[in-house]
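**Student:** According to TrEMBL, the feature compositional bias 'Basic and acidic residues' maps to 334-347. Among the features that TrEMBL reports, region 'Disordered' is placed at 334-365. Per TrEMBL, the feature transmembrane segment maps to 44-63, 83-105, 112-134, 140-163, 175-195, 207-229, 241-260, 306-326.
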Amino acid sequence: MQTYLLSQQFDTGVLAENSTACPANATICNGTSCVLPEDNFNEILNVVLSTVLTIMLALVMFSMGCNVEIKKFWGHIKRPWGIFVGFLCQFGIMPLTAFLLSLAFDVLPIQAVVVLIMGCCPGGTASNIIAYWVDGDMDLSISMTTCSTLFAMGMMPLCLFLYTKMWTDSSTIVLPYDSIGISLVALVIPVSFGVYVNHRWPTKAKIILKIGSIVGAVLIVLIAVVGGILYRGSWIISPKLWIIGTIFPAAGYSLGFLLARVAGLPWNRCRTVSLETGMQNTQLCTTIVQLSFTPEQLELMFTFPLIYSIFQILFALLILAGYRVYRRHQVKTKTDVEKTEDKEDSKSVSSHAKINGGFISNETK
């Protein structure tokens, strides 16, 4: 059993009077130093929270599937223009942006590698939740997340080989195909159940969707808070990585939206592609980093996925708030226009009635 040394300063008078001043669970007590058993509370907490969050995420993806229609989803698969645009964003724009940011800020080679790993990761499931709240195309969102996770098995090694050889040997980076496979299964199975429920019981599916969207919003905040608590000792890191972690997701959202618009996609799909581009699977990036590098290297790079995760959520919430304000303004504007048109119609009807001796035809009512 591993142990660690806990140094405690005791008052000599207290030690003389009370020999039990040393903690009761100490295995060795010598002077002012006590050897205590390793506290694995944080490890247990991590396992428990990971299990709870995984179950919650599966339930949320089930509810997101309740908004997917089989015909529309299959339409995206048969005519995959939107998926293709998303593919270009995910494995074209994001790795290139990561490469350019690493060059521009001249970070350490090992730090450039973690930025590139983040840029090569597939889309995260949080994008599906935000896409729902901004009235995005949920069928496209689900299909893009699924396809990017599937394509990641081949595209991640290729992108890392192309971009990281300037700084390190890409063969040293261990890609956890089992984690990618688990992510894919955890996405496809609950979504499939949700699609089936929507097909069989559309009324109940709407209720499940509303509940799941609220739970999903809570889950996003919860993941950010839990990550900050569990890894609170890892926040000392180069300011350059903080800056990159701020710019990178914002660039992903902006460039994804721009490319989708240039490709001629409608506005709701542009919002969807934007979110799918900027929101990366940060859990997968963390797993790759932990498997591939030594503890000394982890000290320089481990925090970056957490930084990216925080700012991708922050910018997504800003996008959501901006869209809600825009939508409310548009609704008010449309209402004012409709009232004006109704007044003009009533005036024209009354004048028409006067001319025709008070007779109003059924067509003008």
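Cβ atoms here come from the backbone N, Cα and C positions, even for glycine.
How buried are these features, and what lies next to them?
**Tutor:** For the transmembrane segment (83-105), the list of distant contacts is 76-77, 111-112, 115-116, 118-120, 122-123, 140, 143-144, 147-148, 151, 155, 159, 162-163, 167, 240, 243-244, 247-248, 251-252, 255-256, 259-260, 263, 265, 273, 276-277, 280: same-chain residues at least six beyond its ends, Cβ to Cβ under 8 Å.
Residues of the same chain lying 6 or more positions beyond the ends of the transmembrane segment (112-134) and with a Cβ under 8 Å from any Cβ of it are 57, 60-61, 64, 67, 86, 90-91, 94-99, 101-102, 141-142, 144-145, 148-149, 151-152, 155-156, 159-160, 163-164, 166-168, 173, 180, 183, 187, 209, 213, 216-217, 219-220, 223, 241, 244, 248, 271-272, 275-285, 288-289, 301, 304-305, 308, 312-313, 316, 319-320, 323.
Through the fold, the transmembrane segment (175-195) approaches residues 54, 57-59, 61-70, 73, 122, 125, 142, 145-146, 149-150, 152-153, 156-157, 160, 205, 208, 281, 283-284, 287-288, 291 of its own chain, all at least 6 residues removed from its boundaries and within a Cβ separation under 8 Å.
Panel annotation: around the transmembrane segment (241-260), residues 82, 85-86, 88-89, 93-94, 97-98, 101-102, 105, 107, 111, 115, 118-119, 269-280, 303-304, 307-308, 310-312, 315-316, 319 of the same chain, lying at least six beyond its termini, place a Cβ under 8 Å from a Cβ of the stretch.
Listed as Cβ neighbours of the transmembrane segment (306-326) (distance under 8 Å, sequence separation of 6 or more from its ends, same chain) are residues 118, 124, 126-127, 130, 133-135, 220-221, 223-224, 227-228, 231, 234, 237, 241-242, 245-246, 248-250, 252-253, 271, 274-275, 278-280, 282, 285-286.
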**Student:** Can you tell me which parts of the same chain pack against the transmembrane segment (140-163), counting only residues 6+ beyond its ends and a CB-CB cutoff under 8 A?
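**Tutor:** For the transmembrane segment (140-163), the nonlocal Cβ contacts are 64-65, 68, 73, 76-77, 82-83, 86-87, 90-91, 95, 98-99, 116-117, 119-125, 127-128, 131-132, 170, 173, 175, 177, 180-181, 183-184, 187-188, 191, 269, 272-273, 275-276, 281.
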